[in-house]
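Asker: Straight from Swiss-Prot, here's the annotation block:
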- 9-21: compositional bias 'Basic residues' (COMPBIAS)
- ASP89: 3-methylthioaspartic acid (MOD_RES)
- 1-28: region 'Disordered' (REGION)
Amino acid sequence: MPTIQQLIRKPRQPKVKRSKSMHLEQCPQKRGVCTRVYTTTPKKPNSAMRKVAKVRLTNGFEVISYIPGESHNLQEHSVVLIRGGRVKDLPGVRYHILRGVLDTQGVKDRKQRRSKYGAKRPK
């Protein structure tokens with residue numbers, strides 16, 4: 001434990017809070033270009049083929065982001081908008097691609113939670 005004199009000389013430093021989605025640089029979303037679209041498998045208790053894309057952002061960072069919903073139209077050079085939010089069972093995936101924005105189509109025949117998947121209201 002430091003003495004009062006030591007604290008006067010060198011005060012305590014506040015802990016730096018690190019962002020969980022630092023490549024967004026405090027923005028709610030960022031635009032980027034897909035450099036690779038592929039599937040990967042989740043961690044131990046789960047089993048699936050999760051769709052992910054490697055995206056080069058406008059600020060130069062390259063991040064791995066998750067493509068939510070059933071089926072997608074993304075391929076290399078597609079322009080996408082990403083938001084923060086990790087996928088718990090995919091290590092290294094800390095971002096989500098927004099559906100129904102820019103080159104990404106919304107999910108077809110989606111009835112519930114449509115706004116999250118860029119689906120229009122069914123007639």
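In case you wondered, yes, glycine gets a Cβ from its N, Cα and C as well.
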Asker: Mind checking how the region 'Disordered' (1-28) divides into helix, strand and coil residues in DSSP?
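Answerer: Residue counts for the region 'Disordered' (1-28) by secondary structure: 9 helix, 0 strand, 19 coil.
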Asker: Only counting partners 6 or more residues apart, tell me which same-chain residues put their Cβ under 8 Å from the Cβ of the residue listed as '3-methylthioaspartic acid'.
Answerer: PRO42, LYS43, ASN46, ARG50
